[in-house]
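Data first, discussion second: the structure below is written as C-alpha cells.
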C-alpha cells in the first residue's frame, strides 16, 4: 500500500491505518434509479452549455435527478482545500488558495442562469482567514437574494451549510445577518466518536452554533451520518440533543466511504431502521425529517424548508408520507 495520497502528499497515519481495510461492498438497497424528467434534462443541457459547476454533478450525487427536477442545486464555495480534516469527507485538507472575492457574484449568476427555486451553499472551513470565511458565506447569500429579487417565480431561497466558525460571535453574526432561509450546520456523528471522526470540530460547539442561529430567528437544520461506529442508542440521544439545542430539520443518511484513505464503513443500516428513525425524530418534535440510505443533507431541501415554515405557521405539513418513502 502506497503511503502517498492521490494529490502527491504523504498520507497521514490515520489514512494509512484506514487504507488497510478494503473498500466495502455495498448492499443491494444502496442503489439509485435514474428519473430524467423534463426539468432535469433542461438543467443538464444548461449546465453543460454554460460551463456551470455544481456539487450535484461533480460529486456524482445519487439524488441529482430529483433535486434538479425541483430546480434545486448545491454549490461549494471557498475553494477545494479545507483547513480541517474529517475522516468521512472527500474534500482534501491543505493550504487553501487566496480568497476569491468575486466568487459570490459568480455563484449568484449561476443561480440566475439555472433559474433555481432553491440553492444550497456549502463550503470548506477557512481558518486561514481572519474572519474564518464568514464574509464569503454571507456575501454569497446576499448576491443570490439580490440577483433573484425580481424573479417571476419568486426570490431564490438559500440554504447555507456552514462550518462552526469556532462559534465566534462576530463571525456568526456576519453570517446570520445575510438571512438565509435555512441555516444548516451538520454535527454528522455522535459525541463518543466525534473527536475521532471530526478532530477539528467540537460537538458542544456545533450545538451552540445551532442554538445561536435559532435564537436569531433562522430556520435550523443538521445531519447525522450513520455507519461510522455509533450505536442505535447514541443516535437517539444525538437526535434529542440536537432538538434541545434548537434544531428544526434533520437529515439522516448512510455513510459511504469515499476512498480507502477514509474511515471504514462499520455498519450498513437497513432501510427499516431509517423509517424507524424518521418516526422517532418526528415524535421528538422535528418539523421535517428526511431519513434514508441515500438521503444527503441537501436532499429535497426546499420541501424540508416548507415543512419548517408550516410548523412555524401552525399548519399540518403534507410532507410526512413523502419523507417515509425515501427510506425504502
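Glycine too: its Cβ is placed from the backbone N, Cα and C atoms.
Record features (TrEMBL):
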type	residues	note
BINDING	56, 61, 67, 298	[4Fe-4S] cluster 1 binding site
BINDING	82, 86, 89	[4Fe-4S] cluster 2 binding site
DOMAIN	68-287	domain 'Radical SAM core'
Among 82, 86, 89, i.e. the binding-site residues, the one with its Cα nearest that of residue 298 ([4Fe-4S] cluster 1 binding site) is 89
Should residue 82 ([4Fe-4S] cluster 2 binding site) be counted as helix, strand, or coil on the basis of DSSP? strand
If you measure from the C-alpha of residue 89 ([4Fe-4S] cluster 2 binding site), which of the binding-site residues 56, 61, 67 fall inside 10 Å? none
For residue 61 ([4Fe-4S] cluster 1 binding site), which residues of its chain lie six or more apart in sequence with Cβ-Cβ distance below 8 Å? 55, 67, 74, 296
10 Å Cβ neighbour count around residue 86 ([4Fe-4S] cluster 2 binding site)? 21
Identify all same-chain residues not among 82, 86, 89 whose C-beta atom falls within 8 angstroms of the centroid of the [4Fe-4S] cluster 2 site's C-beta atoms; report them in sequence order. 84, 85, 88, 90, 91, 93, 124, 125
For residue 89 ([4Fe-4S] cluster 2 binding site), the number of other Cβ atoms found within 10 Å of its own Cβ: 17
Number of Cβ atoms other than its own within 10 Å, given for residue 67 ([4Fe-4S] cluster 1 binding site): 24
Count of other CB atoms lying within 10 Å of the CB belonging to residue 298 ([4Fe-4S] cluster 1 binding site): 29
Using C-alpha atoms only, work out the spacing between residue 86 ([4Fe-4S] cluster 2 binding site) and residue 56 ([4Fe-4S] cluster 1 binding site) and round it to an integer in Å. 20
Helix, strand or coil: which one is residue 56 ([4Fe-4S] cluster 1 binding site) in, per DSSP? helix
